[in-house]
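Here is what TrEMBL records for this protein:
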type	residues	note
DOMAIN	1-140	domain 'SSD'
TRANSMEM	9-39	transmembrane segment
TRANSMEM	45-63	transmembrane segment
TRANSMEM	86-109	transmembrane segment
TRANSMEM	115-140	transmembrane segment
């Protein structure tokens with residue numbers, strides 16, 4: 001926003017900080033519990049940041065809608081309305097993400113198991129911080145706006161006779177707009193108007209409902225079929241660059257040696273007297289039996 005009062009730069013920054021706190025809390029807890037930290041876990045913060053910022057937008061949008069329900073709403077009413085609208089959406093999103101990653105902990109790959117455990121735990125902390133820490137930040141930011149304070153310095157600003165003679169740049173940076181008048185809450189966002197007045201009624205039309213159910217049935221059936229076709233494993237070609245010498249090696253290996261099956265290795269796990277001829281013959285006989 002161009003208004004120096006309605007600008008929510010700090011609100012956005014603390015939304016990102018909230019996701020960062022979730023990463024620190026989850027990583028610290030799991031490291032304290034002795035869960036192995038593998039290099040793939042380093043990608044988890046980007047996932048947490050995406051979900052955390054999404055939850056932040058939902059909270060802010062619900063707060064803005066709550067502001068329009070009363071002429072002079074108090075903080076308790078605003079926060080209650082915000083959580084009643086946003087908490088359900090944020091909770092469902094968190095539950096599905098946590099469930100998906102905790103299911104991933106059943107895999108046989110230790111690195112994937114660690115990654116899913118770290119990420120799923122971070123989603124739980126992200127939800128906690130969004131519902132507590134970020135909600136408090138929204139209230140503090142609202143009090144700053146109510147006090148007509150600057151977004152950066154938090155110093156009171158206002159329009160007066162002395163501001164009327166100031167330049168447009170001064171009024172925009174220190175008052176809120178070029179006219180020198182105190183900024184007012186904006187009207188409803190066009191995207192909210194679209195979903196409320198057009199998309200919602202279209203989706204709840206009696207002719208559209210059966211179509212939605214049919215499409216969801218097709219989607220659900222194709223998803224179940226896709227789950228039956230999933231194979232656990234990894235193609236080692238995908239771990240190398242396209243111009244790497246590893247690619248033709250695996251291609252030739254599959255072309256010329258795939259018919260022989262995988263390599264078989266035998267490991268002797270105890271101390272053996274290799275100088276003893278009888279023992280050596282026993283090992284040779286074992287090798288011949290395996291062949």
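Each position is counted from 1, following the chain as shown.
The backbone N, Cα and C atoms fix where each Cβ goes, glycine too.
Here the transmembrane segment (115-140) has Cβ contacts under 8 Å with residues 10-11, 14-15, 18-19, 21-23, 25-27, 29-30, 35, 37-38, 40-41, 43-45, 47-48, 51-52, 55-56, 59-60, 63, 75, 78-79, 82-83, 87, 90-91, 94, 97-98, 100-105, 107 of the same chain, all six or more residues outside its ends. Outside the transmembrane segment (45-63) by six or more residues, the chain places 8, 11-12, 15-16, 18-20, 22-23, 78, 81-83, 85-86, 89-90, 93-94, 97, 119, 122-123, 126-127, 129-130, 134-135, 138, 142, 189, 192 with a CB less than 8 A from a CB of the stretch.
In the predicted model, the domain 'SSD' (1-140) shows an average pLDDT of 91.
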